[in-house]
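Asker: To start, I am sharing the structure in question, which I have written as structure tokens.
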Ligand SMILES: Nc1nc(=O)c2c([nH]1)NC[C@@H]1CN(c3ccc(C(=O)N[C@@H](CCC(=O)O)C(=O)O)cc3)C=[N+]21
């Protein structure tokens, strides 16, 4: 038996094509969706992500503004930049790339973003709405995972299944659990303090791994026939002295027993960027009434 390899790149391309059509429609009505991306410091990984986001945005017709601020930027200066963008009606989405330098409070910056421009869905107003099952801007990575699950299981196919989320971060684990609950799954969240995490995971019909530990999830963590979504993006050194990307799941060990599984790269990562651009269009619609 060999698992279905869930092609996140292809699903993301379909979503991006839809976003591109929406953007074209809005532009005909005189609305040009715009996304501002702020990067503080010169972390090379962040630099690559930001460049990808800007390129993808422009490919679907979204205007992008890129702000690169030095690593020693003060929190006050960053907050001023955010507030200026909050007040700029031509900007519909604001993303501040994480992580931020240690002297800046990520929480303060997130709360400073106008909730209707918070395309990451990290502001407490959006977090609260998601948890209440109300309309909101939904965090891009968990939203992307849900879309991948629906491509495998169908629109209503998640109902009643047991989903286990591994990891409890504010950006993936917690919103993921909320979305799965919204889709009528029974949800378990497993984390570093869980007793017998592997045994809990073996009960999962759906497993979402978001811990940031390379290949941590082995075959003994997975029920045969489960659907496995790997959110991990870990850059590891190869014996040849290069680096490569690897997920939180030990793909070669788990793929033979899963029903379906996402690869890394080419799984959840591309969905995150597509979701960001979809959120930008949604934000532009809300702000302009189109
Ligand atoms: N405010 C904020 N919002 C974010 O959404 C955010 C962030 N900060 N900080 C960093 C993380 C990371 N992240 C990724 C997005 C796409 C890929 C992606 O497209 N990955 C490709 C591979 C890319 C490569 O080759 O490096 C893939 O998995 O196939 C990865 C990682 C968004 N993040």
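Cβ coordinates are placed from backbone N, Cα and C, and glycine is handled just like the others.
Remember, predicted model here, so these are calculated numbers, not experimental data.
From TrEMBL, here are the annotated features:
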- 167, 168, 169, 233: NADP(+) binding site (BINDING)
- 6-120: domain 'Tetrahydrofolate dehydrogenase/cyclohydrolase catalytic' (DOMAIN)
- 139-287: domain 'Tetrahydrofolate dehydrogenase/cyclohydrolase NAD(P)-binding' (DOMAIN)
Asker: Relative to ligand 1, which of the binding-site residues 167, 168, 169, 233 have a Cβ found under 6 Å from one of its atoms?
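Answerer: Listed by sequence, the hits are 233.
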Asker: Report the member of 167, 169 (the binding-site residues) whose C-beta atom has the most other C-beta atoms within 10 angstroms.
Answerer: 167
